[in-house]
Amino acid sequence: MNADVSHAAVSPAAPARKPRHIAIVMDGNGRWAQARHRPRTIGHRAGARAVNACIDACLDDGIEVLTLFAFSSENWRRPKEEVGALMQLFLRALDREVDELLRRGVRVRFVGERAAFAPELRSRMARAEELTRGNTRLHLCIAANYGGRWDIAQAARALALRAAAGDIDPARIDEHMLAPQIALSDLPDADLFIRTGGERRISNFLLWQLAYCELYFTDILWPDFDAAALRAAIADFAGRERRFGMTAAQIAAGATP
Ligand code: IPE
Ligand code: IPE
Ligand code: MG
């Protein structure tokens, strides 16, 4: 796979093969707080600081897209107080960070079913997207009330509506027709998936998009995840051989999918 060759020149210290799009399940905030005998909310606050450090590291390393799992469609099942505290944290973080993101060239986008959020949060989300839409240095996608199954279902619905309207022939629906309806399809594919916090599961994050993503799991709890930890994941990625169904010999001969 040589799709990343164009990035080799970004920095002399950069690994030869660099992910273009990193997707992270930011897990372990609760356990981080618990280890300090503090309420879980403190862990979420510390997690918000780690987000900033991660964005900085991505900017420094020339990563094009960073997708962060902030709130899953299943996280509504948490105690009401924790969900409320998370919503407050999102609201405050948006108010506090948007100007800085704008200044640093970050384009912000939200993915997920946003109808479930309070109107004031939805308007902050729309404002952050609007303000930063001209930025190109780093595309930051925040997955909020996102579920991989929701994503596939909404894509199927979009095609079903087009079929019902007579725009497309349902018998001709294939993965190439579905793919553009899936979230983030206009961006480079997620090529490095990171989950912090020690669990080795996807928890309904990107499902379709992870088909050929390299998976990386670390025991580091999200609030402790820093630039060095991100670089360790990127270095691990650089050592992977991505074959996309082909043989190692084909890859060595320069074949690309
Ligand atoms: C991830 O950390 C943050 C969210 C899901 C919002 P957790 O809150 O899941 O932390 P643990 O897994 O309980 O330690
Ligand atoms: C996944 O973490 C969701 C986010 C990080 C936002 P969870 O902590 O909710 O996942 P499970 O419940 O352990 O699978
Ligand atoms: Mg968790």
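Glycine is no exception: its Cβ is also placed from the backbone N, Cα and C atoms.
All annotation found in TrEMBL is predicted automatically rather than curated by experts.
Noted in TrEMBL for the protein shown:
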ACT_SITE  ASP27  active site
ACT_SITE  ASN75  active site, proton acceptor
BINDING   ASP27, GLU214  Mg(2+) binding site
BINDING   28-32, ARG40, HIS44, 72-74, TRP76, ARG78, ARG195, 201-203  substrate binding site
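Where TrEMBL records a feature, it is marked here on the structure.
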residue : record                 : DSSP class
ASP27   : active site            : coil
TRP32   : substrate binding site : helix
HIS44   : substrate binding site : helix
SER73   : substrate binding site : coil
ARG195  : substrate binding site : strand
ILE202  : substrate binding site : coil
GLU214  : Mg(2+) binding site    : strand
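Comparing the Cα of GLU214 (Mg(2+) binding site) with the Cα of every entry in ASP27, TRP32, HIS44, SER73, these being the recorded positions, the smallest distance points to ASP27. In this structure, the recorded positions under consideration are ASP27, GLU214, and the one with the smallest number of other Cβ atoms within 10 Å of its Cβ is GLU214. The local packing around ILE202 (substrate binding site), expressed as other Cβ atoms within 10 Å of its Cβ over all shown chains, amounts to 15. Least packed by the Cβ count within 10 Å, out of the binding-site residues GLY28, GLY30, is GLY30. Candidate recorded positions: ASP27, SER73, ILE202. Those with a Cβ under 6 Å from ligand 3, in sequence order, are ASP27. Of all the binding-site residues in the record (SER73, TRP76, ARG195, ILE202), the one with the smallest CA separation from ASP27 (active site) is ARG195. Within 10 Å of the C-beta of TRP76 (substrate binding site) there are 11 other C-beta atoms, taking all protein chains into account. Rounded to a whole number, the distance between the Cα atoms of GLY30 (substrate binding site) and ASN75 (active site, proton acceptor) is 13 Å. Among the recorded positions ASP27, SER73, ARG195, the residues whose Cβ sits under 6 Å from any atom of ligand 2 are ASP27. Selection of the recorded positions GLY30, ASN75, GLU214 by a Cβ distance under 6 Å from ligand 1 yields, in sequence order, GLY30, ASN75.
The Cβ of HIS44 (substrate binding site) lies under 8 Å from the Cβ of ASN29, ALA33, ALA85, LEU86, LEU89, each of these being in the same chain and 6 or more residues away along the sequence. Cβ neighbours within 10 Å of TRP32 (substrate binding site), excluding its own Cβ and spanning all shown chains: 23. Around ARG195 (substrate binding site), taking its Cβ as the centre, 23 other Cβ atoms fall within 10 Å, counting all chains. The number of other Cβ atoms within 10 Å of the Cβ belonging to the residue listed as 'active site, proton acceptor', over all protein chains shown, comes to 17.
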